[in-house]
Every structure is written in structure tokens, then in C-alpha cells.
Ligand SMILES: *Cc1c(COP(=O)(O)O)cnc(C)c1O
């Protein structure tokens, strides 16, 4: 297999075939613009730069692995949504990635912020998000979380069960306030990536189903409680969705419910939320909608339905997380080992092990998410070989990039960049194998700021109390 290392040669017959969508690149150094944040470019020296800073410099100063967020790109995407959806409220789904600085940017860019726990709520408040610009989600909010939300005066709590409706009512009564609530419904549309699953009964934990009548029961329960101010219906159909079709079906169904309850309650609920889930490009296969096209499609369907049902268009909102922060960030790893693995039939696959893995990005292991990668610290004139980029953890499923063409001369010490790493990567990170979690740094005009510092083994050991008696 030594021929695999010959610079410039491609022995396609001996390389394991990749998935059909993965094309052998003409130039292994080329960057597909759709995958990378706004300021990323490969300099004349072959080194990738973001915000005017070479990644070699960032790696030298911050170590690896490191998540590098392109600040200009974040603001462009955030404002892009706010402008495309002018007149609608855009809630940034904080669970995708939230720090106090990010919360502050969200406010500055005109976003509202969604939180799913007391922890996220604390970060948003600490980052300067006014309570009235926050929505609180979750299918099992604790009393403490609801109390925190009420005390912060959050703009909306999205209710998800009858238990919770009673709980919020009671906590609001204790405080002598009216809690602004939305009812999360399931529309029978569930969408994930390229697949739509339309089910008659919704066998999942979120929301009240429209089909069973529970959605209407929940709306009635909220309407009947004097300490709840029912402001509207909420629907979130899934994640990493590319076609607007699923949103259109969901919007139709909740507009119909909205019109039915308007007749029954003798008032039109003032708001409605269509959720998030807008897809981004992780690989060349993904072709996301622009916010403009999404906005046009959603506006058209809501306006048409309002007209047909003889109701006003409520104040509308959406909740993008991934589509705002996902493409802003690259993960930067350093290669530790390169191994040729011979497959059945004699073809080989190059396994590139990097210094992170499933502890900083669980998505490929959790649900088979696909990513792309490029050699980042230099350009290469070697040919492309089908490669798999794997982590350092003790799991066979510890894969970061399942299939990618990487230069045949990739070697220990090289830097590898993985685009589209801003959402649900660092946010879902763990300490598996006692690996400290990587930092997130933001770069703009050649200046680096730390958003989250690197964890240390001392941070982890601080949790280890030896054998401490519980009082
Ligand atoms: C996760 C989630 C979102 C955001 O999803 P993205 O795929 O990041 O856009 C929005 N709304 C709700 C209710 C969610 O659970």
C-alpha cells in the first residue's frame, strides 16, 4: 500500500469507494464556499485563514482541538434572518450554542432567544437578554425553572403537558402574575434532514397532538386559568430540514387549529410560532434554502391560510438555531496518526486520528451526521484519498467525518478543519475518557477572543471528591 503515499497519484481502484454523493475533487485544496463561514479563505501560502488570522496562528495560541467562530459570519446570518423575516420575531435557539457573549450578540442583532433549561436561561440573562425577549421551552421544566422564568419576566413559556399547565398556573398565582404561555402542538409532520415521516399518531415526547384533540384540550386549559395569558400555538417539526414542504403542512394545520379556537374562545390568539430546524450545509450534498426563500414560502402559506379561514395573520415567530450559528464555526484538530486500513476485497481506507472526537462532537456517533473536512495548515499537491477522520476515544463509532477525500500526504502534526461545527457540537460535548472539553474562540479582523476557555484536568478533578461522606 505504499503507493497510497505517492504524491499526485490517485489509485481509485484500490481506494474504498465512498458514498455515491462524494465526488473525487479536482483540487483537494479547494474550499466549497457553501460549507465555510464568510471570511474563511486559503492564503497564498496554502494556510486556511478566518477573520484574517491563519489557523496555524490560532492553533499555536489556543492549542487544539479548538472551535473557531467567525464573528462577521454570525452577525451576517443573524441579521440575514431578522431582515428576511422582517415583521416576524426571530428567536435564536440557544441550545445550539449559547454563551454570555453570544447572547449579547443575539440581542444586538435583533434576535430574541429561546432557552430550554434554567441553565440556558441563566446564561441568556447574564448575557444581557431582557426577560421579555426570552422564550422558555422544555418538556419537563422544574418548578425552580418555571419560577426563575416568571421572576425574570420571560416573554413566553411554551407549555408541553397538562401537569405543566397546572404547575405554571400555581406558580403564577403565588406571584400574582399572569404567565404568558404558548401551547406546543404536534401536527403529524415530523421532519429530519431529507426524510419526512407523516404519522397519524405522534409517538414522541414533545407537544400535544392536534389529531387526538389534546392540543385543543390544552388550549382550553390555558384559556380557563386566570393566571395564564394564552398567547398562541407553537409548532416545531424537527431539525436539519431542507424543503419548505414540511413547514407548509404544519403551518396549514396550526392555522386551522388557530381559527377553530378563535371561534370557540371568541378571540384570535395574538401570536403563533413555527419553530426552527432550517438545514445547513455540512457536505456538498446539502443545499439549504436562503432565509429569503424560507421567509417568502412561510409568509405565503400563513397569509393564504389566514385569508381562507377569515382570521388575521397573528404575530409570527420562528426559532432558528443551527442555521444561525452552525456555519459560523470550524472545529480545528491536529492529526496524531494516519493508518491505511485494508478492507474486504483489498481496497484501503485512510484513517486519520485527530486529538478530539466524540467528546467534542457526538453528532456523527449519535445520529450518523455527516461532515466535511479539509487540510488546514498547508495546501497539498498530493492526490486525494478516501479518508475517515476519527477521534481519540475508546469507541469504534468515534467518527468525526465518515467519508472525505483528503490529500494522500496528510501526516501527524497536520491541522484538519471541519466546517459547520457551531451548533450542537461544543453544546453537546462530554468528558468521555476524561478528556477536557475544547475552548471556543471568536475571531474578527485579526483579533481573537475566548468565549469559553479550555477545560483542564483540574476542572474535572475538582468534581472528584474521592470518597466524601454525604451529609
Ligand atoms: C431545537 C429546537 C429549535 C432549533 O432547532 P435548529 O435545528 O437548531 O434550528 C427550535 N425550536 C425548538 C422547540 C427546538 O427544540
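Each Cβ is built from the backbone N, Cα and C atoms, and glycine gets one as well.
Keep in mind that TrEMBL annotations are predicted by a computer and have not been checked by a curator.
Of the residues 282, 351, 424, TrEMBL puts just one in the substrate site with 322, 363, 367, 395: 424.
Together with 319, 320, 321, 322, 424, TrEMBL lists one candidate of 277, 357, 383, 466 for binding pyridoxal 5'-phosphate, that being 277.
The domain 'Orn/DAP/Arg decarboxylase 2 C-terminal' (329-422): residue composition by secondary structure is 5 helix, 43 strand, 46 coil, according to DSSP. Proximity of the binding-site residues 277, 320, 321, 322, 395 to ligand 1, judged by a Cβ distance under 6 angstroms to any of its atoms, singles out 277, 320, 321, 322 in sequence order. Using the Cβ center of 277, 319, 320, 321, 322, 424 for pyridoxal 5'-phosphate, the list of other same-chain residues with Cβ within 8 Å runs, in sequence order, 93, 96, 239, 276, 278, 323, 324, 326, 423. Considering only the recorded positions 95, 367, 394, 395, residue 424 (pyridoxal 5'-phosphate binding site) has 95 as its nearest partner by CA-CA distance. Distance noted between the C-alpha atoms of residue 95 (N6-(pyridoxal phosphate)lysine) and residue 321 (pyridoxal 5'-phosphate binding site) is 7 Å.
Around residue 395 (substrate binding site), the same-chain residues at least 6 positions away in sequence with a Cβ under 8 Å from its Cβ are 358, 365.
When the binding-site residues 322, 363 are scored by other C-beta atoms within 10 Å, 322 scores highest.
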